[in-house]
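What follows is a set of notes on a single structure, which appears directly below.
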């Protein structure tokens, strides 16, 4: 028996059916408004031959063997086709990489901007939405191109009927791949088609999920500022009464100052806030800081937006650069003799003996001031004295000069503190508004179990810090609860801050998308290069499918009837290389 080699390109076998098969050497032409019973090859041939004079040139050209198949510029298993496929895929990958980097840079830039306006937020959303859409389209297009390249290797792998062939050639359509999964009876085809569908959906879902890893919230780190009216405290008096007397002022200052350690004192001047930092009220933020090396305490004024409901809530309030400093200079001496009857006592410093105190308590620290407690030539300074009787063996006497500065960085004089207010705040720890005798001495005792009465054992610097903290707290609480006034300045407003709530997932998605696509570019290029990658153009594809179309036309005469559908189910095709090296579909 002689061996017959079948050429799938140059041979177009007729499909054997029970009906007669046309035997004309000319390919059938489309039917010309005739009934199916009269449709035959001879009729088609007659129709074509009637125009023989006009179409003879084209007819001879179409029937040249070298013109009856699709041609492509690259041969399979060569570097040219491989690099053509790879470089085309890498061009898409490069776009993906640029978009992912742009996404990352956009988030990094807006995250570092801190508080932004509504307009800036919208610009960011527009940029990231555009990047996300472009990324999704580019990935989808890249996957379609990969599917179109790989389909030829898949069609070469095994024979399949014409229904599967048609759907496989539409590999760029996810709908057609879904149909293929259910049309094919083979589990392998079903699994691969469904897996490709799930992969495409998963990639698009991952791109959409990027926007879930970050979001804008109302900024709690800083505010935005625009010219407008700003609310500040009226610091003319301590007391809120219409016409306060000095006793009212002293008592109010004393009551306010006692809250110092309850509200908190900043331990280091290095933590002093900068202008514009958010202030959330007395109970949430400090307003006083200690500068122990320089023996002083610093109070920072705050101001609020005129739209804030109440100033003491801290709503839309910020620190300013306006500050007050309370300096202290103290000395301490041990008590050598105490006369409980007269109230006089002597200290280890004979130059200041004797010292008079109108009222004191055992196991306590008593702070007191005399009428003439002003520092010589310094109107904003008070002399505060203290008797510490907590230690049974040794009692201590302290004397301190407490001075309040004028408001720093207050060019508009909007946070002015008068000399009287300065004097009263400096002596607030001792002055309660009530005098005991004709010397107009005021005293205030604190048990040793309390913060203000704890034994210091002669530590002059520490008692100076306590007195200053008490005095500045009187001003701090007054600033929080006093009546308000306004001035035209930089009004704070809430803004938006970009928060990346799931940094790990964001980086994982943005990193994996280009990485997986990069790997797939090489896998697809190697796999597709195992066969001749066909032409995607309609004319080129029609030339490749011409033998199948001719055979089907011979069965049904171009009508979608039962014979046509049976032929599509029964006939098997495989993408193969012919004996002359040309690739086409072999039918069996």
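For all residues, glycine too, the Cβ spot is worked out from N, Cα and C.
Taken from TrEMBL, the feature compositional bias 'Polar residues' applies to 1-17.
According to TrEMBL, the region 'Disordered' annotation covers 1-40.
What TrEMBL records for 90-111 (among others) is transmembrane segment.
Sequence-distant contacts of the transmembrane segment (123-143), counting only residues of its own chain at least 6 positions beyond either end whose CB sits under 8 Å from a CB of the stretch, comprise 89, 92-93, 95-96, 99-100, 102-103, 106-107, 110, 116, 199-200, 203-204, 207-208, 210-211, 216, 498, 513, 517. Among the features that TrEMBL reports, transmembrane segment is placed at 123-143 (among others).
The transmembrane segment annotation in TrEMBL covers 193-216 (among others). Under 8 Å from some Cβ of the transmembrane segment (193-216) lie the Cβ atoms of residues 103, 107, 121, 124, 128, 132, 135-136, 139-140, 143, 147, 174, 177-178, 180-181, 184, 496-503, 505-506, 509-510, 512-513, all in the same chain and six or more residues away from its ends.
Long-range contacts of the transmembrane segment (504-527) within its own chain (CB-CB distance under 8 A, at least 6 residues past either end) are made by residues 82, 85-86, 89-90, 92-93, 96-97, 100, 103-104, 107, 135, 139, 142, 146, 149-150, 153, 203, 206-207, 209-210, 213-214. As annotated by TrEMBL, transmembrane segment applies to 504-527 (among others).
Among the features that TrEMBL reports, transmembrane segment is placed at 539-559 (among others).
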